[in-house]
Amino acid sequence: MSQQQYNLIVVLGATASGKTRLGVNLAKQLDGEVISGDSRQVYTCLDIGSGKDLAEYDNVPYHLIDIIEPGKEYNAFQFQRDFFNVFKDINQRNKLPLLVGGTGLYIDAVVAGYEFVQLDKNMPQREQFAEMALEDVQKILLELDSQSYTATDITARPRLYRAIEIAQHAASQTAPVTKTVLPEIKPLYFGIKWDRSELRQRITLRLKERLEHGMIEEVEGLLAQGITHEKLEYLGLEYRFVSQYIEGKISYDEMFDILNIAIHKYAKRQDTWFRRMERQGATIHWLDGTGDINKQAQVVLNQFQRS
């Protein structure tokens, strides 16, 4: 198969849409290797809550999973750097890279070639924000950068503060800086789409399964390693609310309901990001999650083979 028209396959979709399975099947078919595009799967010990599902990979090589300890911070700038190192390595071995994940900022960081600036934390501002209501801090980001507001987990104060710092820096520049010299990316996008009600059912069912299969114990293990409740706040929805349950701040039922609603809202934000990508020129081949997504993907691949 000629890959001159694209040098990267991107498999995206909302949480619980089935991205990993499709990505692995395509990698097997096309002699490829998977690069995870998930902001939490980079961390070791975050297995159940981040949905690594490593058993699904079978013998397919995967990258950018379990590369950093959970007590450390990891951002889109670091992901972009690590991605291109892996991307070059896979290409040099004449394999096809497949970027599989739902973190829209990470996907855009490599496909659109964002230029990131290393910024120190604005500690005086963060101290001021810490005394403010969360909703008031969220409004600051919304006014500064509505796109960042959509992409950011605005319920996590550390991520919210960082997004504001980045937006403030961007606003202070006299000229827009969005791209840098990076390897050319020619992506072929596949997206998995579900009806809203069906996706909600999948999210709720998956949450029940994760809680039944050790997610609470996983968080307890992180705490035993010395990961603080404050750090767990940074590691995403599941870890934040399970941590609150372990602390005794909320009951089990409250944890489930709050977490379930929060994940549904996150899925909506993911869809909003993907629609924005399309408005900016990305051609995403949407596959119906209720059908045979492998056959649907093959139809698209056949079109590229013939052209």
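Positions of Cβ are set from backbone N, Cα and C atoms, glycine also.
Given the ranges 2-5, 38-41, the record in TrEMBL names 38-41 as region 'Interaction with substrate tRNA'. Classification of GLY13 (ATP binding site) by DSSP places it within a strand. A count of other CB atoms within 10 A of each Cβ picks out SER17 as the most crowded of the recorded positions THR15, SER17, THR20, THR103. The local packing around GLY18 (ATP binding site), expressed as other Cβ atoms within 10 Å of its Cβ over all shown chains, amounts to 16. Looking only at the region 'Interaction with substrate tRNA' (38-41), the predicted model's pLDDT averages out at 96. Neighbours of THR103 (site 'Interaction with substrate tRNA') among the binding-site residues ALA14, ALA16, GLY18, LYS19, THR20, defined as a Cα within 10 Å of its Cα, are ALA14.
Neighbour count (other Cβ atoms within 10 Å of the Cβ, all protein chains): 23 for ALA16 (ATP binding site).
Across the structure, ALA14 (ATP binding site) and ARG126 (site 'Interaction with substrate tRNA') place their CA atoms 31 angstrom apart.
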